[in-house]
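The block underneath contains the structure these notes are about, expressed in structure tokens.
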Amino acid sequence: MTESKNSFNAKSTLQVGEKSYDYYALSAVPGMEKLPYSLKVLGENLLRTEDGANITEEHIEAIANWDASADPSIEIQFTPARVLMQDFTGVPCVVDLATMREAVKTLGGDPDKVNPLNPAEMVIDHSVIVEAFGRPDALEKNVEIEYERNEERYQFLRWGSEAFSNFRVVPPGTGIVHQVNIEYLARVVFDNDGLAYPDTCIGTDSHTTMENGLGILGWGVGGIEAEAAMLGQPVSMLIPRVVGFKLTGEIPVGVTATDVVLTITEMLRDHGVVQKFVEFYGNGVKSVPLANRATIGNMSPEFGSTCAMFPIDEETIKYLRLTGRPEEQIALVEAYAKAQGMWLEQDAPEAEYSEYLELDLSTVVPSIAGPKRPQDRILLSEAKEQFREDLKAYTNDPVQVDQSIPAKRMANEGGFQPGSTSDLDNYNASWPGEGESAAANAEGRPSNPVTVVSPQGGEYTIDHGMVAIASITSCTNTSNPSVMIGAGLIARKAAEKGLKSKPWVKTICAPGSQVVDGYYQRADLWKDLEALGFYLSGFGCTTCIGNSGPLPEEISEAINEHDLAATAVLSGNRNFEGRISPDVKMNYLASPIMVIAYAIAGTMDFDFENEALGQDQDGNDVFLKDIWPSTEEIEETIQAAISRELYEADYADVFKGDKQWQELDIPSGKTFEWDENSTYIRKAPYFDGMTAEPQPVTDIENARVLAKLGDSVTTDHISPASSIKPGTPAAQYLDAHGVERQDYNSLGSRRGNHEVMMRGTFANIRLQNQLVDIAGGYTRDFTQEGGPQAFIYDACVNYKEAGIPLVVLAGKEYGTGSSRDWAAKGTNLLGVRAVITESFERIHRSNLIGMGVVPLQFPEGESHESLGLDGTETFDITGLTALNEGTTPKTVKVTATKENGEKVEFDAVVRIDTPGEADYFRHGGILQYVLRQMAAS
């Protein structure tokens, strides 16, 4: 770390017990003491990294004199202490770093310079798919299949962990990156050779903000920005507005942390917090357990903020002690936070914020969210009514007026034989479910009942609204003992009364760390969960990222043949269309406790207040209230089952891995030996033909529209992580390279191969490209007579051969969701030069610039609809060449010429927001910029 210029004489000494530390005291700079907590962390960062060039005295004073009411305008350079990765985004990062080593050498530089300068840590959590479920060996089977599919990727990552310094990998089967981060990796305060400073961390996953609950400033970035940060490049940003979110009151009985976070998500998304920090304050904060704070922080991308910060206090210290952090580290965290004014003191003067919101926690009520956005909160008491209303958008089937619709039969179709078993023999709780029906009480809603014969020979009926997947999944909730213990206890009470999950429900339990398995064992809750089909399925992201695995064949066939609007209920953070399963249309976020309840109900068309879940052994109706665990029961179980020793044991050898990981055959050497036949790992093309000096920026001429899209297009829509559909360009590529269909794996797992990923860009099965009348990865190919429909990738190949650049048109909130750098990489490799939208989500806008694609916005109040653009026009964009002169134009002129010669002209806003971003764009991307700097030095 370069020594700070220390213009304010801020370097001081902190004595903690018998050990002393150097630190940069905020008290040396007048004004710092009044700042919100999150800006104090930024202020310290600038004090410590002041170099007189990129970070100057003026930048530090700008933070200290922050005007809460002003719009962001002052650029600063933020240097995170570490970088966090998961394997889907991490594999392409390591591919890029390996490629950069060769490129630096080609440009005359030293390849050994390509090493992380600050700690970079990866947790492999995105690759496990729930193939096996509802059986005792589900975990073993899923891990076995995971290694078979991903051996090549895992060999590459193990090579990277040895070839690069300052880079560590947590092996598969350990947990989810964000849960492992808060339970083990997070430092809260760093001790770097006796220099103490706040732990700050950016990650290649948008839910990196989970660490905000621990008082750690950080957020998700694209993989390309993370790579630059690893190599010493600071994160360019504007000093943000900070939204103060005041918490008062206490959470009432019967309300979960999930209910609180869904309420906060709805409030903040409605308020508008994109590009802003959110900070929680008020006396209610002290009543929010650390696990709940982490859950709230985790959902920051869903409400759109850069981060969602909680300050450090006694609750933080209690959590660090519980999770097994060394006492010396805990003492440093407390002493440092108090010395820097970063400790939450009750009744201390409130900081000034840019905007204010307030929530009385006592007013929160049980909720779920869906069917396609996390911010679409539904009161549990109104869930049935809202489902019936939303269902109309997913089916044209008529509303049922009575119970007279006969169920269609699916027996013996598609080669399925009653009594036979699949290779994995997946049957929910091993019972046939004779006579069960998801079409019961269907009067008043669309209904299309289908009778399915189970493998055991029993019959049951499915219908619109059937819960096809009930999944306890995701770090968002599995990191929270109160809701996880609650799920186990409701399962216990349900099992005691003879209730079961419905036979058509795929039941999944995939916690975010092995600690959950430990306390479930201690509390003897596994037998109760297993009685309802919730066997341990894996330690990883699973359902939350679409790794739900296939539904049983007979159920999948029935859903697809009869176009049923099946649903999934998950304890995750995202429920975008097409994300959870290709067989499921409607997705709902809920607490783990409600996941159990919906598995028993078997349908979203259910009123938990007034409808019985079933009958007990004596024939008495059993309602949700009869099996809901009390707060006292949950707390008593937590106290008995969870201890510091549990965390210490599970994290003692966290980097060691299982036998399969240890026995992987890995290559040696500092540069990677690329295999041209590999379908997983290919040398990245971004530096091919790169010169020592950047080429001039050019205007865009005669561009065609690749896609015309609506609002809330997610990075899932742009670059799905889901399974690869046979017959698509990605599948055709794998077929041509001898990959069997069952070995396609997911697009997310193949992010180390740009050939697959290019073909998978804009290939989401739910993408609605308004140029065509079909959902999926299609467009019109205007290089052909009449502009016929074609796969997007195939059209792009033709456009490239014809030398025609491309643009994308879209509506509001373009690029929402995951911090998926491949959504920008794929866009670039397909030949897209500009994306024109009404608004962008933060991370994707930054990623586009990082890949040399210019983000543009329609004039305020305008859209492609209001301007009458139908996507058949040719586009000219002029004014970009001003970037060659060192200035960033505020707007550029866009001329869209229709087929009849009519022109539509408008001034698009250039969303290159900082001088640093302009530098990246001039160089063709952030990695090219960093590479040229390395080669030059």
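Numbers here mean position along the shown chain, with the first residue as 1.
Here the Cβ of each residue, glycine as well, is placed from N, Cα and C on the backbone.
Fair warning: this is a prediction, and the values are worked out from it, not measured in the lab.
Taken straight from Swiss-Prot:
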type	residues	note
BINDING	CYS475, CYS541, CYS544	[4Fe-4S] cluster binding site
COMPBIAS	418-429	compositional bias 'Polar residues'
COMPBIAS	433-444	compositional bias 'Low complexity'
REGION	410-450	region 'Disordered'
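Residue environment of CYS475 ([4Fe-4S] cluster binding site) contains 31 other Cβ atoms, counted within 10 Å of its Cβ in all protein chains.
Around the Cβ of CYS544 ([4Fe-4S] cluster binding site), the number of neighbouring Cβ atoms within 10 Å comes to 29.
Within 8 Å of the centroid defined by the CB atoms of CYS475, CYS541, CYS544, the record's [4Fe-4S] cluster site, lie the Cβ atoms of ASP125, ILE176, HIS178, HIS207, THR473, SER474, THR476, THR478, GLY512, GLY540, THR542, THR543, ILE545, GLY572, ASN573, excluding the listed residues themselves. In the three-state DSSP scheme, CYS541 ([4Fe-4S] cluster binding site) falls into the coil class.
The 10 Å shell around the Cβ of CYS541 ([4Fe-4S] cluster binding site) contains 30 further Cβ atoms across the protein chains shown. Across the compositional bias 'Low complexity' (433-444), the DSSP tally of helix, strand and coil residues reads 0 helix, 1 strand, 11 coil.
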